[in-house]
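Below is one structure, written out as structure tokens; the observations come after it.
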Amino acid sequence: MTCPKFSVALLHWEFIYVITAFDLAYPITPWKFKLSCMPPNTTYDFLLPAGISKNTSTLNGHDEAVVETELNSSGTYLSNLSSKTTFHCCFWSEEDKNCSVHADNIAGKAFVSAVNSLVFQQTGANWNIQCWMKEDLKLFICYMESLFKNPFKNYDLKVHLLYVLLEVLEGSPLLPQKGSFQSVQCNCSARECCECHVPVSAAKLNYTLLMYLKITSGGAVFHSPLMSVQPINVVKPDPPLGLHMEITDTGNLKISWSSPTLVPFQLQYQVKYSENSTTNMREADEIVSDTSLLVDSVLPGSSYEVQVRGKRLDGPGIWSDWSTPFTFTTQDVIYFPPKILTSVGSNISFHCIYKNENKIVSSKKIVWWMNLAEKIPQSQYDVVGDHVSKVTFPNMNATKPRGKFTYDAVYCCNEHECHHRYAELYVIDVNINISCETDGYLTKMTCRWSTNAIQSLVGSTLQLRYHRSSLYCSDVPSVHPISEPKDCQLQRDGFYECIFQPIFLLSGYTMWIRINHPLGSLDSPPTCVIPDSVVKPLPPSSVKAEITAKIGLLKISWEKPVFPENNLQFQIRYGLSGKEVQWKIYEVYDTKLKSTSLPVPDLCAVYAVQVRCKRLDGLGYWSNWSTPAYTVVTDVKVPIRGPEFWRIINEDATKKERNITLLWKPLMKNDSLCSVRSYVVKHHTSRHGTWSEDVGNHTKLTFLWTEQAHSVTVLAVNSIGASSANFNLTFSWPMSKVNIVQSLSAYPLNSSCVGLSWLLSPSDYNLMYFILEWKILNEDHEIKWLRIPSSVKKYYIHDHFIPIEKYQFSLYPIFMEGVGKPKIINSFTQDGEKHRNDAGLYVIVPIIISSSILLLGTLLMSHQRMKKLFWEDVPNPKNCSWAQGLNFQKPETFEHLFIKHTESVTFGPLLLEPETISEDISVDTSWKNKDEMVPPTTVSLLLTTPDLEKSSICISDQRSSAHFSEAESMEITREDENRRQPSIKYATLLSSPKSGETEQEQELVSSLVSRCFSSSNSLPKESFSNSSWEIETQAFFILSDQHPNMTSPHLSFSEGLDELMKFEGNFPKEHNDERSVYYLGVTSIKKRESDVFLTDESRVRCPFPAHCLFADIKILQESCSHLVENNFNLGTSGQKTFVSYMPQFQTCSTQTQKIMENKMYDLTV
């Protein structure tokens, strides 16, 4: 263990007992001091410790200070010593080089001073001593360390500190009583270092502590001079805590710390720091009274090391130990402040110093960015210095959280280069609404506020603070510098609730919410509340509700609450009692009223009523609704009318009596107002006069009808009286024979409704109303009846009717004079039976109509779709009607249809039945005069070449039609004269080898050609100037453009048809190569201009160019015996290659197919 530097130097001699006399106490200083004891200028023959001189010394003219020393007889190292030895002792302070000597001279008590410090080195012994009070002010400590190293053997060393605490009084000396000193043993180590602890109570810190040291070693005892001190003057505080450094808003380095908490006085601090940067190195030592120090000229990339210690400011004290060193290094980019917490609408600024490659960037080259996405305009920049740039954000909006980031990042950049460090900007909306209300007893005020509208920050706390003014509120509330916090409890609904109790009704309570965060504090806008202005009164008491008798109004009464004493307004809500009350509101502004009456539609219902109140001037809140009050249903008026009634007549033929049973329905509450105690039947006859009969609550009465006329009236009676308006019924023998109902018809509409209609004949009697009566026949069912006004001629009965049952309907006319003769029917009318049987038509007919419309629409759409598939989607064989029923999954189908056809195919009907194959053969001439050589417009296509001489088919002028539904191997195209839009059917090309031709076939073709072109309207042979008709030609096809204004003369096949038909099924077999199928599309010209075609090899859709329309057709015959060797001159310069329309069978070679496939085809006429 290393001894502290504050200690007491002890002088040890074995077997020596030294007694130092003293008269005065040395005052202990707050700093370290040294106690030195020196022998007198007498030389002794004993061995002194090393470093102590034997030379004598003077006391600079003063008398010697004599210290007596008693020696034991057992001493072995001393010689020629008297029994007493005198020593000089000196107290030497760090603050003073002179020594104060304590001596016991003849003149009395005195201090000997001005002793040179060399005396301590020549002879005597030295002690370092320092004493102080701990910071907890409970323990006084002294450290002692010997500076003289004893060369002798060190015996058991014991050190005691003797002390006494004395209260200091002015003018009185310190006189401790004998035996008043207390002793504490000090803890000593092997290196002669001791520590002594003296307990001191807090109440005696200002007392004087007298003490001296008692040192025992090897049988010798040494008493040090007396010392004195006040503990409060030597307090040593603990080192400062929480050392921290940061860059301030102005760019300075702020060193801050916190002072010890137990010190009873203010401290001063000593700060030492060093700065190390690439451009500067410096050290400083400053003393401040605050707990912070600002260091200016801070540069990026610098390192600072700081230590702090403290001591009493306004009195003596001891410096504390130095705090632990704290190191702080600035970044290459310095933001000050690095983080800002502010509220919405405020203006804030950031400063920046940018260091790039050991060089500080000029502030004029710095640019600012927000979140690295938005460049801040230069109008918001300010140049603070050569290297400090400033940016200002005015009127800030609340920060929108982006994931876990609850702030905006502000970047300071060197033109186009940005460092990864950034400043953080937190903007919070602190508009928190605080609402308060005072209870009805005026004893407490409850305030509520919610934080749902603001953004919560991690580490932030919320606190309500308030300031109470003596009277009322200021015009503009503001945050007062002196405020008090208020504890608020979080409720289940998310609101915080604070209670002020007791309260001052007229004082102004200014409140705001403070948001505390490590970055700073924010205050919400303050609001000022006067408890008297936010009173919520108690609800009115003694609320009653009733329906007033004879008047029929809802009367409500209440009592005003005791508090507050202001004038109050009242609000009443009332409604029919039930699960969900439909409230109606009524307000009362007359403060003197305590009751009111309101009209209600139903006087016989139970009403619920509640009342609440509020200050008449509008301040404060509405009170809670009072406890509901309910009305009691009682009779408020006499019944409005008596019940409607009817009768049943029972005749007893044996007794010749008629019994009448009156039937009536109980009155409803709205008619009885509000109950019926009994029913009274009033009778009147000419013989017996008038009498009444009380039947109680029964709803029928039977009496004997004995006179010609008997009138009855049924009255309803409640607690107030009998009904005033009643129904009368007179039973008269003569009137029962009056018949004015001519007919009655009943029509069942459904199982719950039957319609009745009737016809009346003129009558002189005054008809009042009808009674309609119905029941099920053949059963003793209850009779049902209704009263119908006299003006009605048709009426609908709503009841449950069984269709299989028969009903009896009776219609009674009721006159003033009595009941007339009824019209009775025992079943529905005949029309009614029909209507009943056909009742299902009302449901079935709409369904059938809807289904028909849907089916018709489906058929129309299907027809259009089929037409599109069969006509416009060619060449897909699956969309063609001729392919229906064929299995294209079998290879034999394709082989049979498209590969080998050695036999001729019988001509069949068109694929679409609604369209005509050919009605006639017409030839239109396209020339204007006989001299013009214009080719014909429409000519038949002969599929074979029969003999022209054996048959003739002539073209005449007749307009008749020749139908070829069963014609074989021939297709005739026709254009209807009445249709302006040309139409093409289909054509087939078949060729056979020349060797296979029969002579008859050749003759038939020659005859056809010669006869058909020999008529008056036929084409002259000269029109084919460049064409030659050869017998060996197997097929030809003439087609040309037709002018839209020219008409086509009709060609009629009236002759030679039989000859042509003879060849049906007898065509020779073909032996040429495999032939391909060609397709020809048919559409209008306008549509063809924008249409496309599909090639056979490439399978690519290609548009039809406009210049290919109305082009000539050229039939290429290479291996097909050359039907046409030269092109037909058809009146246009263009040429067109023909491809057949339908997939009939043609025998052109594959090479011809390829040539034709590369052409544009059109066959519109």
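Each residue, glycine too, has its Cβ placed from N, Cα and C.
Pulled from Swiss-Prot:
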type	residues	note
SIGNAL	1-21	signal peptide
TOPO_DOM	22-838	topological domain 'Extracellular'
CARBOHYD	ASN41	N-linked glycosylation site
CARBOHYD	ASN55	N-linked glycosylation site
CARBOHYD	ASN80	N-linked glycosylation site
CARBOHYD	ASN187	N-linked glycosylation site
CARBOHYD	ASN206	N-linked glycosylation site
CARBOHYD	ASN347	N-linked glycosylation site
CARBOHYD	ASN397	N-linked glycosylation site
CARBOHYD	ASN433	N-linked glycosylation site
REGION	467-484	region 'Leptin-binding'
CARBOHYD	ASN624	N-linked glycosylation site
DOMAIN	642-736	domain 'Fibronectin type-III 3'
CARBOHYD	ASN659	N-linked glycosylation site
CARBOHYD	ASN728	N-linked glycosylation site
CARBOHYD	ASN750	N-linked glycosylation site
MOD_RES	SER881	phosphoserine
REGION	892-897	region 'Required for JAK2 activation'
REGION	897-905	region 'Required for STAT3 phosphorylation'
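Annotated features taken from Swiss-Prot, shown on the structure.
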residue : record                      : DSSP class
ASN187  : N-linked glycosylation site : strand
ASN206  : N-linked glycosylation site : coil
ASN347  : N-linked glycosylation site : coil
ASN397  : N-linked glycosylation site : coil
ASN433  : N-linked glycosylation site : coil
ASN624  : N-linked glycosylation site : coil
ASN659  : N-linked glycosylation site : strand
ASN728  : N-linked glycosylation site : strand
ASN750  : N-linked glycosylation site : strand
Inset, instruction - Please spell out the DSSP helix, strand and coil residue counts for the region 'Leptin-binding' (467-484). - result: 0 helix, 4 strand, 14 coil
Inset, instruction - Specify the nearest of the glycosylation sites ASN187, ASN206, ASN397 to ASN728 (N-linked glycosylation site), where nearness means the distance between Cα atoms. - result: ASN397
Inset, instruction - With DSSP as the yardstick, break the domain 'Fibronectin type-III 3' (642-736) down into helix, strand and coil residue counts. - result: 6 helix, 54 strand, 35 coil
Inset, instruction - By CA-CA distance, flag whichever of ASN206, ASN397, ASN433, ASN659, ASN750 among the glycosylation sites is nearest to ASN624 (N-linked glycosylation site). - result: ASN433
Inset, instruction - Do me a favour and check the Cα-Cα span between ASN750 (N-linked glycosylation site) and ASN187 (N-linked glycosylation site); whole Å is fine. - result: 121
Inset, instruction - Compile a sequence-ordered list of residues in the same chain as ASN206 (N-linked glycosylation site), six or more apart from it, whose Cβ lies below 8 A from its Cβ; state 'none' when nothing qualifies. - result: VAL168, GLN230, PRO231, ILE232
Legend entry - Nearest of the glycosylation sites (ASN397, ASN433, ASN659) to ASN347 (N-linked glycosylation site) - Cα to Cα: ASN397
Inset, instruction - Measure from the Cβ of ASN659 (N-linked glycosylation site) and count the other Cβ atoms within 10 Å, all protein chains considered. - result: 15
Inset, instruction - Would you count the other CB atoms within 10 A of the CB of ASN347 (N-linked glycosylation site), including those on all shown protein chains? - result: 10
Inset, instruction - Which residue among the glycosylation sites ASN187, ASN728 has the fewest other Cβ atoms within 10 Å of its Cβ, if you could check? - result: ASN187
Legend entry - Separation of alpha carbons, ASN433 (N-linked glycosylation site) and ASN659 (N-linked glycosylation site) (Å): 84
Legend entry - Other CB atoms, at most 10 A from the CB of ASN433 (N-linked glycosylation site): 12
